[in-house]
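Asks: Straight from TrEMBL, here's the annotation block:
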{"type": "TRANSMEM", "residues": "26-47", "note": "transmembrane segment"}
{"type": "TRANSMEM", "residues": "53-74", "note": "transmembrane segment"}
{"type": "TRANSMEM", "residues": "86-105", "note": "transmembrane segment"}
{"type": "TRANSMEM", "residues": "137-155", "note": "transmembrane segment"}
{"type": "TRANSMEM", "residues": "176-201", "note": "transmembrane segment"}
{"type": "TRANSMEM", "residues": "281-304", "note": "transmembrane segment"}
Amino acid sequence: PVFFKVASSSVYEYLELRFGRHLRMLASLAYPVQSVLFMAVVLYAPALALETLSGLSTTWSILVVGSVCTFYSTVGGIKAVIMTDVFQFILTNLAVLTIILTVYLEKGSFKNIWIAAKEGGRLNFSNFSLDPTERHTWWSLIIGATFTYMGTYAVHQSQVQRYLTLRDHKTAVRTLYVSWPITTAFSLSLIFAGLCIYSWYQGCDPLMAHTIRSQDQLVPYFVMDALSSCPGVPGLVVAGIFSASLSSISANLNSLATVSVQDYIRPLYLQQKKLGLTDKWTLWMTKLLACLYGCLLMVIAYLAR
């Protein structure tokens, strides 16, 4: 309700109204740094997948994937981002279901998959340790997930922009209630897909055998190992992998450009020229910045190789 009342495309404007301009600037400066680094990592992962599947170098993979995502995010804006997000979510779900179904048909039952995961120590539901250095405990997952999802769904720029494209606050709330079970089911399916791949390679770790050089290459390797004889299926799974990355990158590109225009360029222009930017110039400036941010994240992803 706060962001609908403020009626601004930048979430950081609320900070200025509540606490002053200095805090707004501090928060909006941290956002581009965090987002560009995050997007570079998200871009690098599917580039590794494409290298594993096609033999295309990581450099060219980063360039191709980054350019495509930057292009449609720049040209289409938030409307293109939302429309492609829907399509990409469908592809990602199909990819996950394909992995689960493939392993199920090979193992004969979900019970066998579960037994393999249990024997490998992948199903520990009783770890209530308070040791903060342990990665997976009940407390680390509950506390970590709470703050992660609160930050993502309550105040993250890319998510708030999606809310503001809806008709009103009530519609946004209803949309969240609908997305809740869908997101939960998708998260559980991702976890189970991971258990499926573990059971497939139980006792024969491709990473330990040096068949692959990174954990990030495990899923594409599985695709070629288990599904290469099925025409079109590897392509579907790869499309799902790329869709998950592209949807995150495109949303953040658009959000970064919006924040930069609203929090920096528009106030500076007003201060220097004593008048506001026209809608036309705001639109063009947003598109230009989205393109520049896209180029920047490709450079960082390349340097991360």
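Any Cβ shown, glycine's included, is placed from N, Cα and C.
Where the annotation comes from TrEMBL, it is an automatic prediction and has not been curated.
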Asks: Mind pulling out the one from 86-105, 137-155, 281-304 with the most Cβ pairs under 8 angstroms to the transmembrane segment (176-201)?
Replies: 86-105
Asks: In terms of Cβ proximity under 8 Å, which residues at least six beyond the ends of the transmembrane segment (281-304) contact it?
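Replies: Residues packing against the transmembrane segment (281-304) from afar: 32, 36-37, 39-41, 43-44, 47, 59, 62-63, 66-67, 69-70, 73-75, 77, 249, 253-254, 256-258, 260-261, 265-266.
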